[in-house]
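The structure appears below as structure tokens.
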Amino acid sequence: MYKQQYFISGKVQGVGFRFFTEQVANNMKLKGFVKNLNDGRVEIVAFFNTKEQIKKFENLLKNGNRYSNIENIEKKTLDEKYPFQFNNFKIYY
């Protein structure tokens, strides 16, 4: 299993980006979460089964939804000891 963390900056809050991310992740059967951060970015943690899933997810994130404007995506690989497990993908408020 591959565990990735993303920090997305740009016009990503108040434009349905979290809902878009949740839809993409659920369609791909990913597990994890998406949430707004106080600094205006969005954080995503996602668990993938294959590297191909990672590439597809990242390509969809780069485009965002029609109301968002993605300026930057920071990516971090989480190690196997990441303390949280997820049964699905959800939005944290």
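Placed from the backbone N, Cα and C atoms, the Cβ positions cover glycine too.
Annotation comment: Swiss-Prot describes 3-93 as domain 'Acylphosphatase-like'.
Swiss-Prot lists R18 (among others) with the feature active site. Under DSSP, R18 (active site) is assigned to a helix (H, G or I) in the three-state scheme.
According to DSSP, N36 (active site) is assigned to a strand segment. All protein chains shown were included, and the count of other CB atoms within 10 Å of the CB of N36 (active site) stands at 17. The active site annotation in Swiss-Prot covers N36 (among others).
The Cβ neighbour count for R18 (active site), using a 10 Å radius and every protein chain shown, is 24. Across the domain 'Acylphosphatase-like' (3-93), the model assigns an average pLDDT of 96. Per DSSP, the domain 'Acylphosphatase-like' (3-93) is made up of 24 helix, 36 strand, 31 coil. The separation of N36 (active site) from R18 (active site), Cα to Cα, is 8 Å.
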